[in-house]
Amino acid sequence: RWFTHFYVVSVLWNGFLLIWLFQAEFLGGSLPSWIQHMHRTLGRDPQNEDTGNEHFSALLVLLLLWLHSCRRLAECLWTSVFSNGVIHIVQYCFGLGYYIAVGSTVLCQVPTNVGNGKELSVRICWYHIVGVMMYIWASLHQHSCLVILANLRKSKSGKVVSLSHSVPFGDWFERVSCPHYFAELLIYVSMAITLGFHNVTWWCVVMYVLFNQALAAVLCHEFYQNSFSSYPKHRKAFIPFVF
């Protein structure tokens, strides 16, 4: 349940960055001086020209990241049923820092000068459409899987009756033990696509999410196998049919 704090921070911080980038994109002018200083600190040349719709792509990805955080916050508050498990203080501090850093990472992928003046319709590229469609698809499945997990601890009337673990069925659970982790990976891949495939920095973020979620999925998979003798043998831990 302490993950709720992560999404509160993400909604506030990334929403703040989104407003600044929106103003720079559509209202003209440059990003504020403190963001330009952050760019220089992280090695970005503030005089680089916008190539390949970088401003609009970053704006779209930052919007997707903010919407993802809003949905996850809502799910933590009104959907998920948490057990009495605890989180390590190091993991907690890292999580808070991560959601601050990931939005800043998106912002630092664009030069601090203003947009190139093209109309919005001209800036929408095929990879924006593909990325957004993949984002919606993965988000819907992730929400569905989280609802399935929550319902395992609720009665038909919606009242919480247990905090114990049970074997989930339905949706992507038929193929993997942790489809919500797999969906998280797909969401970050969709953002890499939205950035135009070529952004090496964001692919590094994707690799972090891959290893982070894969480790968590393997641990959960082993827990299911050790706790339930009748656990489905065909299920993979993380990626359907693969891993």
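Glycine too: its Cβ is placed from the backbone N, Cα and C atoms.
For the ranges 12-35, 156-179, the feature annotated in TrEMBL as transmembrane segment maps to 12-35.
Secondary structure of the domain '3-oxo-5-alpha-steroid 4-dehydrogenase C-terminal' (126-243) per DSSP (helix as H, G, I; strand as E, B; remaining residues coil): 74 helix, 4 strand, 40 coil. Put simply, of 12-35, 126-149, 185-211, the stretch with the most CB pairs closer than 8 A to the transmembrane segment (86-106) is 12-35. The average pLDDT computed for the domain '3-oxo-5-alpha-steroid 4-dehydrogenase C-terminal' (126-243) is 95.
Packing against the transmembrane segment (185-211) from elsewhere in the chain are residues 52-53, 57-58, 60-61, 64-65, 68, 102, 105-106, 108-109, 125, 127-128, 130-132, 134-135, 137-139, 142: each is 6 or more residues past its ends and has a CB under 8 Å from a CB in it.
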